[in-house]
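What follows is one structure encoded as structure tokens, with my remarks underneath.
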Amino acid sequence: MTDRPPNRGMRRRIASAVAALTFTSPAQAATTLGASAAESGRYFGAAVAGNRLSESAYANTLAAEFNSVVAENAMKWDATEPNPGQFNFSGGDQIVNWAQARGMKVRGHTLVWHAQQPSWAQGLTGNNLRNAMNNHITGVANHYEGDVFAWDVVNEAFEWDGSRRQSNLQIQLGNGWIEEAFRTADAADPSARLCYNDYGTDGINAKSTAIYNMVRDFRSRGVPIDCVGFQSHLSAGDNLSSYQANLQRFADLGVDVEITELDVGGSGSGQAATFKTVTDSCMAVSRCTGITVWGVTDKYSWRNDDPLLFDDNYQKKQAYTAVLNSLNEGGGTC
Ligand code: G3I
């Protein structure tokens, strides 16, 4: 298996591994999600809507509990390039600046996706779309170079049965568009980890196996891919019997795995148990570098089934305690 050039991120991974190894005493029982994740060299993040940062309870909870952020919408194509070649980074910059002022990491979401494309891109065909995609990736990744530690380069390109989603990107550009997007992102930001991100991959199934096969092919040919994001939009009681094994098989390909959009519909002990299973799984896979929940509070979730760790009043839920205990129990592993 051809490994990617040692310089691309290898130094960073070695440094973080050494940092984790130098942690000699057992993990202390940290009292926040981010602090506990950091004890094992991981992050614990949240998706952020910039227009909520002016709400003190939102901002205070985010700053206190998390050590990483991702823009829920502000870095998507429709937000960052509303007109061809005319970039607008104000929304993303607001979140980056807020996070950096608090020493928080920033994930990038997402460079290329079939959804939330600006209308001017949706009608493009052939090389016009190809050029637009590459120009977009280059413009955004250039702008955030050094600010974003990992990009969701391509989001949601597969169907449940493992076939390619017949998006405009797939139809107009052919099967090579995903590889092309990763190569373009690598050229634009050689320092960021480059991830493929999808949902419905919460175990070994037709969809996750199709993605696995793509990643294995990319790794064998030196296509620049560093990580796979598992969105993990779940419901309490979902069958997660092969969740950890699935993460591990991707890690065994030589890529990092990240839980990128975790939320669990439900309540009480059932919801807490599902959050615990995901967190335990990440802690058990050394290349699982972190977890991001898809929002700070149920109050502003995209879902209406109270799927997050803080309720509408920013109070910690049973699921919060389950996650913190899992991080503390599994902490200290590198
Ligand atoms: O910005 C406009 C605003 O100007 C307008 O007034 C308002 C009412 O029409 O809409 C606003 O845009 C909304 C946008 O969120 C920003 O709030 C869109 O309608 C709405 O569809 C969009 O929803 C987002 C959704 O992605 C779009 O597919 C959700 O907030 C966001 O949580 C969700 O996140 C996705 C990930 O990116 C990918 N994985 C799945 C996940 C959940 O769908």
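Heads up, the Cβ atoms here are built off N, Cα and C, so glycines get one too.
As recorded in TrEMBL, the features of this protein are as follows:
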ACT_SITE  Glu261  active site, nucleophile
DOMAIN    27-326  domain 'GH10'
SIGNAL    1-29  signal peptide
Worksheet entry | pLDDT averaged over every residue in the domain 'GH10' (27-326) | 98
Worksheet item: According to DSSP, which kind of secondary structure is the residue listed as 'active site, nucleophile' found in, if we only use helix, strand and coil?
Response: strand
